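Working notes, beginning with the structure itself.
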Amino acid sequence: IVGGTNAPRGKYPYQVSLRAPKHFCGGSISKRYVLTAAHCLVGKSEHQVTVGSVLLNKEEAVYNAKELIVNKNYNSIRLINDIGLIRVSKDISFTQLVQPVKLPVSNTIKAGDPVVLTGWGRIYVNGPIPNNLQQITLSIVNQQTCKSKHWGLTDSQICTFTKRGEGACHGDSGGPLVANGVQIGIVSYGHPCAIGSPNVFTRVYSFLDWIQKNQL
């Protein structure tokens, strides 16, 4: 995240770091699954999921990936249907610092709404990965404005923007975009990084059926 601040311990108990063996993507958790971006899973086999800590160098609990589930309509050229699940080898044990994320029950998010993005992505292009989880408040951008910058945009995607110098960067992919404690987006792509163009997220609401079907 470019332009963010250090997240306090325990504020985002659903946020996880995917490692192979170093941090490469974010994700969010349910009892047995991690929700992330498809592009974080393609071509990877050894995944570990680290939960419960805002510091990368302080591992609270680590779970091994048992199965990687990529949405079969994921298109790596157009970057659509960029959603995936990791089934971990055992149930994630919940504590004060480890909690499942809530998923949306309706598609009520609209342009101008404030949303919170968290992640351990780079703090500028080719910059370092921060040790402390970063947080930033962004705004939802209307689809037309976003389409003018990302022509292939579909209704199953959603965009954010605030100003130049704020936004997602490499390593934030797969991480959660949250409105009022409900995850509405998954970090998908953007023009790297924070150069004044909207970030694009997979719209979680559009994939609720897929998520349910695949969390067996």
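Glycine residues also receive a Cβ, built from the backbone N, Cα and C atoms like all the rest.
If you check Swiss-Prot, you get these features:
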DOMAIN    1-216  domain 'Peptidase S1'
DISULFID  Cys25-Cys40  disulfide bond
ACT_SITE  His39  active site, charge relay system
ACT_SITE  Asp82  active site, charge relay system
DISULFID  Cys146-Cys159  disulfide bond
DISULFID  Cys169-Cys193  disulfide bond
ACT_SITE  Ser173  active site, charge relay system
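Listed disulfide-bonded residues: Cys25, Cys40, Cys146, Cys169, Cys193. The one with the lowest count of other Cβ atoms within 10 Å of its Cβ is Cys146. The Cβ of His39 (active site, charge relay system) lies under 8 Å from the Cβ of Tyr74, Ser76, Leu79, Asp82, Ser173, Gly174, Ser188, Tyr189, each of which sits 6+ residues away along the same chain. Across the fold, the C-alpha of Cys193 (disulfide bond) and the C-alpha of Cys159 (disulfide bond) stand 14 Å from each other. Look at His39 (active site, charge relay system): DSSP puts it in a helix.
Of all the disulfide-bonded residues listed here (Cys25, Cys40, Cys169), Cys169 has the Cα closest to the Cα of Cys146 (disulfide bond).
All protein chains shown were included, and the count of other CB atoms within 10 Å of the CB of Cys159 (disulfide bond) stands at 26. Least crowded of the active-site residues (Asp82, Ser173), judged by neighbouring Cβ atoms within 10 Å of its own Cβ: Ser173.
For the recorded site, Cys146 (disulfide bond), the DSSP three-state label reads helix.
The two recorded residues, Cys159 (disulfide bond) and Cys25 (disulfide bond), have Cα atoms 19 Å apart.
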